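Read through the structure below, which is laid out as structure tokens, and then see the notes.
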Amino acid sequence: MISEENFQQHTPMMQQYLKLKAENPDILLFYRMGDFYELFYDDAKKAAALLDISLTKRGQSAGQPIPMAGMPYHAVEGYLAKLVQLGESVAICEQIGDPTTSKGPVERQIVRIVTPGTVSDEALLPERQDNLIAAVYQEKEKFGLATLDMTSGRFQLCEPADKETLRAELQRIAPVELLYCEEFNEMAAIEHCKGLRRRPIWEFELSTAITLLNRQFGTKDLRAFGVEKSPLGLSAAGCLLQYAKETQRTALPHIQSISLIQNQDCIQLDAATRRNLELTQNLAGGTENTLASVLDKCVTPMGSRLLKRWIHQPVRDVEKLKQRQQSIAEILNFDLVDELQPYLQLVGDMERILARVALRSARPRDLTRLRTALEQIPALRAIVQQKTPPFLTALFSQIADFSEQCDLLQRALIETPPLLIRDGGVIAEGYNAELDEWRMLSDGATQYLENLEKRERESTGIDTLKIGFNAVHGYYIQISQGQAHKAPIHYVRRQTLKNAERYIIPELKEYEDKVLKSKGAALALEKQLYDELFDLLLPHLGSLQLASLALSELDVLVNLAERADTLNYVMPTFCDEVSVKIKNGRHPVVEQVLKDPFIANPVELNHNRHLLVITGPNMGGKSTYMRQTALITLLAYIGSFVPADSARIGPIDRIFTRIGASDDLASGRSTFMVEMTEMANILHQATAQSLVLIDEIGRGTSTYDGLSLAWACAEWLSKKIRSLTLFATHYFELTALPEQLEGIANIHLDALEHNNTIAFMHAVQNGAASKSYGLAVAALAGVPQSVIKLAKQKLTQLEKNSSYSAEQQIQALREANHNQGELFFEQETDALREAIEKLDPDDLSPKQALAYLYQLKKMVG
């Protein structure tokens, strides 16, 4: 903190800088000085380290040298992009005063703040990925979460029921910035997020949030958006909107509504499931060999982003899914893929261009790309109208007629404008008569100067005479030193060079003033006309946004049709029974990376067969089989066709996976602890409509502990939850479960062993695996034969000396299951036991005793 005394010791310019810096102490300040952005003090040191730019010193202020770093204004976007990628925020300070009239430092002010979550510049954004900012609020054990996509205006809120649901939502949306209240006390749920920003409690005040939101949407209340009964979500949304306004320093007209995300509307995927299924990110953190990498061949960036949102948020509305399916079928039946995609490709990223139009930050080439996008709509509409597919026709009903706006941009802009309006040459000839006049005057200078040069050369007889221009001295007549003595008396010397003299004459000076005025006037008028284009487009922003959303959806549907045709996918059907029946299903990703043909496999889960115990060798394909079942189910619930011969799928509310685990070193949790935490979440959250994948539960502890836990988990899922479950295990003892419990069946993935080698068949068969292939897999992995031989000897010895054979262990578990059936009844009898213990028969009348007996009978069903 700089004291008043120290502040006064600084130069006026540095005082101005320090005042602006004090407004934004926690972020970098880019301070405009002429053609450069400069950073000072700690900002300079930090920027020099992050951007690999030179750290210098700028004289002294208050008796101390000033650390300084900077970059040219025309190169700032590249530096901003790097800083944003590193999670930094930057305040942009511009000169708004006129240097020629300013007394003291030129007036400056912060015009915008660039943060990772509020950027809209094309160069700063990942093209095919949403760039979201979120805010989270907490009251007791409940949460409110709001998200905003500044590049589209999409504004949503939800109220996660608990911290696990909050963690899953944050994993889904992956915000690049997260605002949280200073009183937030569940940091473990958000500590994995990028760009954490602590905000004061008053920014989450509910009444302020409602007022702010109503003012933004021009409404009296929020009932039309269906969010009025979500106070925690609204508190988060209010903070988020206020932050967006603070950083942008302008109106946000593209944020026109807010919607509520209802958990019951979507299939819930927890963080572990998203990770294990490798939807958009693989286990190594990359994007290769993910579901999105196979499925996403969209021709527009906005379509690609929409598809990823569908993948991460499968919907349960079967009617909506059937509409998507029928649209895909129409595209295939009418052979529309090749017809529609070339036009869609030219639509480009209309969604983000419109956001920049709303923020009035769109550059000339943004507007020409918008023009190109609007030019494609009639052609796309004509193709659809010619074939009249009902679902696609309904989709096109959301796209208005933009011929007027398209004509405006065609008349106003040249074909290929320069990057920035400051360079001029953006507005087309014929659009504005006054601009054409100014341009004619300035553009006519070349011919006039050629004529003047010819005339002066002839009148003076000086053959080296020529007319030129530079930014410092303006127009001049140049004569070589050898002929300078011939210069007429009315030539006024302007500059002496080593080999020439430069002069000015009244006529040339007068023309210079006229030309410079015309160029300045033309540029000023061009900027004014450019700004007026925003005024003419903004009244149509809402309908343009609806059109961009419809075109995004069309791109996704055409893409899914192309994928279905290319990859041999089929349309799944939906049914009312909780079930999954897939004939010859394939893993959508693995089949694309395998050199050999993929072995397709069936799966059938229903009320009478709701848990499959899967055995077989490691590397035999158990994990692939389970994942493909989940991915096929997920694909069905985004409306896509699926990799199978047929698929019939019933209602699913959640997908859980407990597949693979490793130590969580950062949190100090072992593999076993990670495994048990994920398993506990499944046992608490799963329902009879959940699809549950369990792979090798019980590792990382003693054999008997692991076996007991695996058996108990399988039994609980089968008896108490009755979810649709695939339960892969290396405990052969669990294959006895079907004999003990209804609804459980054994399946296995087979392998063939011959002469110490093993061949994996990858084909699912009914029944349990005949044996374990652990030693054969170890040999395949390259374990020395001497070690394998020793292991076989030890295995024989252990089996011989074991106090329990495998059959005896299974029998013991059967008896334990029979004798301890009450364990699963304990929770239900706790209340009954407590009621009886509190009962005092001597205090009851006969009528009260009879009533109490009926109550106890009701408790036991």
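Yeah, the Cβs are placed from backbone N, Cα and C, and that goes for glycine too.
The annotation ATP binding site is assigned in Swiss-Prot to G616, P617, N618, M619, G620, G621, K622, S623 on the grounds of sequence analysis.
Sequence features, as recorded in Swiss-Prot, placed on the structure.
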| residue | record | contacts (Cβ under 8 Å, 6+ apart) |
| --- | --- | --- |
| G616 | ATP binding site | K622, H748, L749, D750, A751, A769 |
| N618 | ATP binding site | H730, Y773, G774, V777 |
| M619 | ATP binding site | F760, V777, L780 |
| G620 | ATP binding site | L749, D750, A751, F760, M761, H762, Y773 |
| G621 | ATP binding site | I599, L749, F760, H762 |
*Helix, strand or coil: which one is S623 (ATP binding site) in, per DSSP?*
helix
*Quick one: what's DSSP say for G616 (ATP binding site), helix, strand or coil?*
coil
*Around the recorded ATP site, report the further residues of that chain (criterion: Cβ within 8 Å of the mean position of the Cβ atoms of G616, P617, N618, M619, G620, G621, K622, S623; site residues excluded), sequence-ordered.*
L749, F760
